[in-house]
Amino acid sequence: MVKKIIFATANQHKIEEVQSLAGQDFALLSMAEAGIIGDIPETAGTLEGNAMQKAEYVYRRTKTACFADDTGLEIDALGGEPGVYSARYAGEEKNSKANMDLVLAKLEGVSNRKARFRTVIAYIDDDGGKHLFEGIVNGEISLAGHGQEGFGYDPIFIPEGCDKSFAQMKLSEKNLHSHRARALKKFTEFLNTR
Ligand code: IMP
């Protein structure tokens, strides 16, 4: 029997990405398909807290298995910033170029450029059981942006062991390293053992 799981995201691209990893035994439903309209609150202050807050919001209304994700770029020399504020680091307009410019300005003259992307997935099963999955990719912030692929901070993030940024990679290559792919792999492996 196909198992229905709601993905608490407004991003259709993410739904397709996870559906392709989860396989045919699972039917991922969007929020609209689950009858949930409008923005879900994200006020917890940590990636784990935000992901669980979003999943709980949907579970309370549907009592159906559901999950949510939250991702942040954590830069050592900035005390873990932008972290949970990654999307709106330079302001509410969520502008990637402005966010990257702010990071590069804050790191001007700083030699420690170590950083990581971290994704947390929070899953609530049909019975209300809660589970967290984490995916990390370590790397460093380059001196300037390079590449046109991807989104967000991809042009300034060089994953460990690579000599180019995420924005200089096709999605298939980025997925070999990426935080989101790693978290999704743990999550879908978990689903497939249930
Ligand atoms: P979200 O939780 O997936 O919406 O991610 C929050 C923010 O982190 C995004 O708005 C981007 O700025 C940044 N981000 C998340 N994933 C990536 C990525 O794979 N590459 C670059 N930036 C990312």
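Every residue gets a Cβ built from N, Cα and C, even glycine.
Given the structure is predicted, the values throughout are model-derived calculations rather than measurements.
Using a 10 Å Cβ-Cβ cutoff, T9 (substrate binding site) registers 19 neighbours. Marked as substrate binding site by TrEMBL: T9, A10, N11, Q12, H13, K14, T71, F151, G152, Y153, D154, K174, H179, R180.
Here TrEMBL flags D70 as Mg(2+) binding site. All protein chains included, D70 (Mg(2+) binding site) registers 23 other Cβ atoms within 10 Å of its own Cβ. Look at D70 (Mg(2+) binding site): DSSP puts it in a strand.
What TrEMBL lists as active site, proton acceptor is D70.
Of the listed binding-site residues, namely H13, H179, the sparsest CB environment within 10 A is found at H13. Residues listed for substrate, T9, A10, N11, Q12, H13, K14, T71, F151, G152, Y153, D154, K174, H179, R180, cover a largest CA to CA span of 22 Å. In the vicinity of ligand 1, defined as a Cβ distance under 6 Å, the following of the binding-site residues T9, H13, D70, T71, G152, D154 are placed: D70, T71, G152, D154.
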